[in-house]
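What follows is a single structure, written as C-alpha cells, with notes after it.
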C-alpha cells in the first residue's frame, strides 16, 4: 500500500515585508492585502527582529537577505563577516594576513599594480567603507605604491546619491596617507549583477581592463554630473577617472564580503572556461577575495568560511525526510546556499527548483516579477505529498522596494498577497502548516522623512504568522497556540523542528516561537496584538 501523502510544514519568506505602524509611504499598509490581513486577524502571530545584534550584525545595522536566510536556516545568531572583518582591521590582525602579505609581495616583485575592487559604500550589506580604507593602509604599510581604487557605487542599500560623500571620504584618505588613486567609478547595476546579465558585467569588465586618462574630472565631480542627469549611484555609467587598467602582473583584492553579487565579475577575471562574453584571460594575475565567493574560483581567500553544523536542512536530511526549496533567480541563492549555511551542495533528499526572474532593467517595470510561477512550482511540490519541509521566497517586496517606486511596490505587495491566497489553498488541501514571515524590512518604508526615495532596507521588525493545518497540528496545544513576542530570525528553525516533533540540536541555540503547551495568557502576559 502506498504511503499516505505528507502534510508539509511550509516556510514562506516574504522578502522585504517589514512592519511599520505609520502608513505614510508604507507600500504594505497602503496595498490591498485581504489575505495577509485576514491571516493576521485570525491566526497566532507576532513580530520578530531582523537587524543588528539579533542577526549577528553591529547594533543598529539593518539586516539583509543573506544574513536573514543564514540566521533562519542556522537556527542561531550567526556572527557576520562585517563584524569579523571590521574587528580584524581595528585590532590590526588583517595587516598580518599571510594571504594579503603574499599578494603585496607578488605585485611588488612583478612591478605590477594593486587593484582594490568592491562596493564603495557605508551600507554594510555587501561591503563597508572602513574595509577599503583599511586596505589602503595595508598597501602603505607593505610599501605597495601603485594602488588603483575601482569604486562601485551603491545607491541601493544606501541613499541614491550618498555615493559622492563616500567618494570624497576615499579621496580624503588617499590624500592623507599618500597612497592610491581612484581609477574608475561604476554603478553596481553593471559591476554587481547576479542574474547572468553578462552585457552589464561586460561593460564593467571593459572599463577595468581598457586603459585611458579620463577627462580631467574628479570622481566626485563625475558623480555630481551624473546626478544632474538624474542618474543615481546604482546606475552610474562605467567611467574612467584616471589611468590604471588591470594588466598581466597585477594583483586584485575584491573586498566585498557578501558573495552573491561579487561572483560574476570574479568569474570573468579568473575562470579559464568563462563563456559569459569574449575576453582574453589576464595572466599572471594575483586575485584575492575577502571571503569565499565560490569554491570553484581559483583565488586566495582572506577570511575562510565559518563552519555551521546541525542547521535546519541538515537536521531534516539526517532524519530521512525530504525537503524542497524554490525562489526566482534574485532570491534563489538565499533559499539554497545561504539557508544551508554557505554550502552549495543540497543535502540528501533536498530538491530545488529555480524560477527565472523577468529580464527587465529594474523590477518596477514588472512588479509581479515571477511570483505566479513560484507559486505554481511550490503548489506542484506540495501536491506530491513527499516533502516534510518546503522553503520558498517571494522576492517582490524587496526587489521592487529597492527601486523606490511607491506605486510599483504597492502592485508588488498586492501580487504577493494574491499568490499567497492561492498557495494557502494548495497547502490546506494537503493539511499542511504554514509559517509566513520575512527576512528584513524594505517595502514598508519607501520615502525618508524629507520625502526622498528610500531604496535601502530597514531595521523594522517583520511579521510572523502560524497557520496550523488539519494534518500537521502543533503537538499538545489544541486550539490554544500562543507565540512569543520577543523572537528573532534564529527562532524560526527551532519552531519548525517543534512542529515536526524533531529534537533540536544543542548548537542550534534559537528558541521555538511557540509557547509551551498550557501557557496561560492571562496569568503570564498578553501577546502583542497589532494589525497591519
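For all residues, glycine too, the Cβ spot is worked out from N, Cα and C.
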- Residue among 188, 200, 322 sharing the substrate site, where Swiss-Prot lists 126, 156, 157, 194, 258, 259, 260, 261, 331 as binders: 188
- Note on the structure: In Swiss-Prot, Mn(2+) 2 binding by 15, 439, 440 extends, among 65, 388, to 65
- The number of other Cβ atoms within 10 Å of the Cβ of residue 194 (substrate binding site), counted over all protein chains shown, is 16
- Where does residue 398 (Mn(2+) 1 binding site) sit in DSSP terms: helix, strand, or coil? helix
- Task: Cα within 10 Å of residue 402 (Mn(2+) 1 binding site) is the criterion; apply it to the binding-site residues 157, 194, 440 and give the hits in sequence order.
- Result: 157
- Item | residue 440 (Mn(2+) 2 binding site) and residue 126 (substrate binding site), distance between Cα atoms, whole Å | 15
- Distance from residue 398 (Mn(2+) 1 binding site) back to residue 194 (substrate binding site), taken between C-alpha atoms, in Å: 15
- Message: Centre the Cβ atoms of 398, 402, 457, go out 8 Å, and tell me which other residues of that chain have a Cβ in range of the Mn(2+) 1 site.
- Response: 15, 16, 64, 65, 156, 157, 397, 399, 401, 440, 442, 443, 455, 456
